[in-house]
Amino acid sequence: MSTDQSPCPSATGAELLPPPDGTLAIVPVGDIRLESGAVIPDVHLGVQRWGELSPGLDNVVLVEHALTGDSHVVGPADDVHQLPGWWNGMVGPGAPMDTDEWCVIATNVLGGCKGSTGPGSTAPDGKPWGSRFPAISIRDQVTAEAALFDRIGIHRLAAVVGGSMGGMRVLEWMVGAPERVAAALVLAVGARATADQIGTQTTQIAAITADPDWQGGDYHDTGRAPTTGMGIARRIAHLTYRTEDELDHRFANHAQDGEDPFDGGRWAVQSYLEHQAEKLCRRFDPATYVLLTEAMNRHDVGRGRGGVAAALAATPVPCVVGGVDSDRLYPLHTQQELADLLPGCARLEVVHSRDGHDGFLTETAAIGKLLVETMRLARAHR
């Protein structure tokens, strides 16, 4: 994959966007003022696009990625992205998000490590931001995305779609800027972080920051990174993404092939989790993992808006809310609350899966149907 150089900082309009073939561009969006009052100067976002803009700029669909995702929604692995697209089959000609009709845009989130300004980026003093990068919230991530669309001249999105941390951003778009969203798809997330989620996620953060190579978060120029800690964090997280039934069906209490757990060898499930950890450590910045996990802990659409019920009740955006029946990280009742409180939601759509939280990624046929329904709403309300 080629990567466009950053457009001229003074550029505005559609010329800021990358080509419609999935090429990654690094787009300047200006200074971003955070909820905390802090300002991150000269923010850039990694952006990919599939499909052409309509003359009226009214066909844009924003796809929001989850914690360790990025803007690479579809496409093969390449020199920029070590993995294929995380929603392959969902975008393209004739796909649920049909690029013969829609212009699909995805950003790498503020604080990310795939083209967007984050802890590993260069600060104004020429050194990595590291521990100096400000704490951010999900709302701050949406503020950065809104700044991108302001610069392009897109004032209303035909749809915003996403799951997990991406679903948090969808909700913040709906609640914080309903006039800018014609339709939405919210998957595998709740209105606020729960104690269980915060407990699991702070444990992952502790694993990373306890690694001696964390170095207070200022490791980027040292040649050492806290990959041992992040590997442990990923193993913890992955257990919450899957289910007891699925894991036991695949691995039971079997030893890894050719190894004996009674003689220092590994269990099959242990080997699987180590593999997941190693894959992440090759492609993801631990400081971004900590920063974004902290942002998820802060997720609460009701903060400063009179509580969850009041915030959702005041949100008129037509939407589809979906949940996975086996999800133990974001249980189905958290999506039921959204469906009950959002005026624009007709009912909760339940995805049946053995895969738990990851079902919003793996159950492509079911998710494709929800995307088709969301695009129908977008067509009717844009």
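Including glycine, each Cβ sits where the backbone N, Cα and C put it.
Database features, via Swiss-Prot:
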type	residues	note
ACT_SITE	S164	active site, nucleophile
ACT_SITE	D327	active site
ACT_SITE	H357	active site
BINDING	R234, D358	substrate binding site
DOMAIN	59-363	domain 'AB hydrolase-1'
REGION	1-20	region 'Disordered'
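Annotated features taken from Swiss-Prot, shown on the structure.
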| residue | record | Cβ within 10 Å |
| --- | --- | --- |
| S164 | active site, nucleophile | 25 |
| R234 | substrate binding site | 26 |
| D327 | active site | 27 |
| H357 | active site | 26 |
| D358 | substrate binding site | 24 |
Remark   = Taking only the CA atoms, the spacing between D358 (substrate binding site) and D327 (active site), expressed in whole angstrom, is 8
Query = So of all those recorded positions, R234, D327, H357, which one's Cα sits nearest to S164 (active site, nucleophile)?
reply = H357
Inquiry  = I'm trying to understand the geometry here, so how far is the Cα atom of D327 (active site) from the Cα atom of R234 (substrate binding site), in Å to the nearest whole number?
reply    = 17
Note = Rounding to whole Å, the Cα atoms of R234 (substrate binding site) and H357 (active site) are apart by 15
Ask   = What average pLDDT does the predicted model assign to the domain 'AB hydrolase-1' (59-363)?
value = 98
